[in-house]
Amino acid sequence: MNLKSFLTNRWAVAAGFAVAAVLLLVVAPALLSSFRLGLLGKYLCYAMVAVGIGLAWGRGGMLVLGQGVFFGLGAYIMAMHLKLADAPPSTGVPDFMALISSDGVPVWWEPFRSGVVTLIAIVVVPTAVAVLLGLATFRRRVRGAYFAILSQALAAAFAILLIGNPRSTGGSTGLNNFKGFFGFSLRDPANRMTLYVIAVVALLAMVAVARQLMVSRYGELLVACRDAEERVRFLGYDPAAIKTFAYAVAAVMAGVAGALFVPIVGIVSPNDVGIVPSIGLLIGVAIGGRTTLLGPVLGAIAVAWAETSLSERFPSGWTYAQGLLFMLVVAFLPGGLASLRPIVRGWRERLRPSHTADSAPVPSLSGSSR
Amino acid sequence: MNISLARRLVAVATVSAMGLLVGCGARVSDDPSTGAAGAGCVDTSGSSVKIGFLNSRSGTMAISENTVYNSLKLAADQINAAGGVAGKQLAIVAEDGASEPTTFAEKAEKLIRGDCVAAVFGGWTSSSRKAMLPVFESNNALLFYPVQYEGLESSKNIFYTGATTNQQIVPALDYLKEKGAKSLFLVGSDYVFPQTANKIIKAYAKANGIEVKGEEYAPLGHTDFSTIVSKVKAADADAVFNTLNGDSNVAFFKEYKNAGLTADAMPVLSVSIAEEEVGGIGVGNIVGQPVAWNYYQTIDSAQNKKFVADFKAAYGPTKVTSDPMEAAYTSLYLWKGMVEKAKSFAVADIQKAAGGVTFDAPEGKVTVNGENHHIAKTALIGKIGQDGLIHTDWTSGKPIEPDPYLKSYPWATGLSG
């Protein structure tokens, strides 16, 4: 069964979702300690970003090296709200601000005192940034490596901005020490469990959205833009709009992931949003197989899990393992682990010369649309 | 349409999640200290007990924190060889903080809840400590933090075995005032320690009639100091107070020397440069400059001679010992003293027994303050010698009681916000 028929088969899809829901909502909480479950919740946040990367990079050919920006926007917006909610009512100034300055809360923090504004901003701000950036670059037909460099520079600039303004962003420490989440205590295991469930639901919803986009006519257009952008343009479509939409969807997914990351992990710092984590997310997607629906999700979770367990066993060893893994995938498996199946099939067919090989085309890693 | 099934599943899951949220979660207004996470899982039934070491073994801080790890390891080996703590051998679980606050928080939680260690030793940057603090408080566990820091903090779950401001920065200001400094220029890295320290320095200066001629910050890792040094030169203050951290010091002192500024004309007093860093900066660039700490390798005492000899024997004759390393070494012995006084590994018992626990440390005798969990330490201002070591130039004479919120200093009222 190829990807397309798997994606459109209603029973296969329903069964897939049911299995995932049972695994994540029943099996995982039963088997894992509350600490490991919290870690799994964190991986699920990375997986959400990965779903978006799969859409933008795998299907749309945009090598998004700076998803940390959108992740960070969502995370910091949520963190600002939580810090303001925790602030002592007498002053209204969060603890870390009172420590290094006596200027009070910056004006641009004030809107986030409202929970409603915060929730809206988590979706709207990443969307707005992605649409602006997407239209500005795709209309000018900036793509391939140039787009990748641009998005990566944005991640670097964002992290430097955060570090450079410690009075309002917590600087290199970031924001942490959250007591509550919309009025619920974060120390209560029942509330932490709820957050985990919310993360599972959000991830499944995002996978459902990504699947729907993939099988729709829009999905066909997106792949067409990736493979032959000029032809799409000659047919009368606007590739810039098509790509911007996918980029914005990926941005929202990253933003929501960041917003959930904050209460689950309990801290967000510039180290979680800069170039290194942005590339780390991409590695998971590349390993899992960026053009598939579940490859990015499984890849991101597997890489995050490997990072935790490897760094527990060999302190300082993870960095090398991550680099090695990425090189191996780029060199030998450009389609990720998900492309193993067609490769194996290709071998089998080579052994039987009567058949003509029909291995799936593997898109080039540069993400260029050419 | 085939998506409806998936949608229905999502809807059901959402509703159940909301039900859970509204159903049984505690509100913030409920007493947070009753969180069930506070129940410890430390196993003390066997012949050994687990402790955690959490240091950055990778990333920018690795060069410094590896030395702290080595020193903790030395203390643990010595304690084990001498029969352990309360008769139990120490089993070390080491984790890598990777120089990232988020990793420190995650690994701290892993050590407490996954490995069930009796206490955790480590952390260096204030960012790492601030990231770990809520983890130790919400799990009611113990952290021993071995580095001097900016003060204005006191958690019942943290023991601070490095200096707080009134044991390092305030004596350093007293020293400069004694030497006749009427004006200061502040140079620091752009993060919480230098900013908080400078806030304190400015309050001190205001009360003591010292003029602050300028305040400049450079991002961590910044290496181009031509602008800052020319500002320092133009301001012509009597002394520079340096709270730069890491690699930036190398560039700063090279530029300072190139600009023709000397330790005699305009001394630069540093609070983050110890024996370990002098080699990296180059002795020639920094010789004669004053630094403020509570321990130097050159301290002439039997305890220190043994510590230095043991360290060199374990890690090589060219290794130097520094204040954070000594504070880490001391922290493990202090924990041993607390456990043996409390006759228990339980957090509550240790917190109760901690006050008054002493140790004949390489820096001299130190005593734990049971109120704020800092330790009484003697302040030492040293000058960097041609040999690359630091030689004591001024001493507070006796241990200074820790006062993290500077409550006993009238000029500091209002600082703790």
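A Cβ is built for glycine as well, from the same backbone N, Cα and C atoms used for every other residue.
All annotation found in TrEMBL is predicted automatically rather than curated by experts.
Summarising the annotation, TrEMBL assigns transmembrane segment to A:12-32 (among others). A Cβ distance under 8 Å defines the sequence-distant neighbours of the transmembrane segment (A:12-32), meaning residues of its chain 6+ beyond its ends; these are 1, 6, 40, 44, 193, 196-197, 200, 203-204, 207-208, 211, 294.
Residues annotated as transmembrane segment in TrEMBL: A:39-57 (among others).
Taken from TrEMBL, the feature transmembrane segment covers A:63-82 (among others).
The transmembrane segment annotation in TrEMBL covers A:116-138 (among others). Sequence-distant neighbours of the transmembrane segment (A:116-138) (same chain, 6+ residues past either end, Cβ-Cβ under 8 Å): 69-70, 73-74, 77-78, 80-81, 147, 150-151, 154, 239-240, 243-244, 247-248, 250-252, 254-256, 258-259.
The transmembrane segment feature in TrEMBL is assigned to A:144-163 (among others).
Summarising the annotation, TrEMBL assigns transmembrane segment to A:195-214 (among others). Tertiary neighbourhood of the transmembrane segment (A:195-214): same-chain residues 7, 13, 17, 20-21, 24-25, 29, 37-38, 40-41, 44-45, 47-48, 51-52, 54-55, 59, 181, 222, 246, 249, 253, 256-257, 260, 263-264, 293-294, 297, selected by CB-CB distance under 8 Å and a gap of 6+ residues from either end.
For A:245-268 (among others), the entry in TrEMBL reads transmembrane segment.
Remote same-chain residues near the transmembrane segment (A:280-306) are listed as 3, 7, 16, 42-44, 46-47, 49-51, 53-54, 57-59, 63-65, 67-68, 71, 203, 207, 210-211, 214, 318, 321-322, 325-326, 329-330, 335-339, 363, 365 (criterion: CB distance under 8 Å, separation of at least six residues from the stretch ends). Residues or ranges marked as transmembrane segment by TrEMBL: A:280-306 (among others).
Sequence annotations record features per position, and here TrEMBL assigns transmembrane segment to A:318-340 (among others).
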Contact set, same chain, for the transmembrane segment (A:144-163): CB under 8 Å, 6 or more residues outside the stretch: 62-69, 72, 76, 133, 137, 169-172, 174, 270-271, 273-275, 278-279, 366-370
Close approaches to the transmembrane segment (A:63-82) from elsewhere in its chain (Cβ under 8 angstroms; 6 or more beyond its ends): 49, 52-53, 56-57, 109, 112-115, 118, 121-122, 125-126, 129-130, 144-145, 147-155, 158-159, 162, 169, 174-175, 178, 180-181, 247, 250-252, 254-263, 268, 270, 272-275, 277-279, 281-282, 366-367
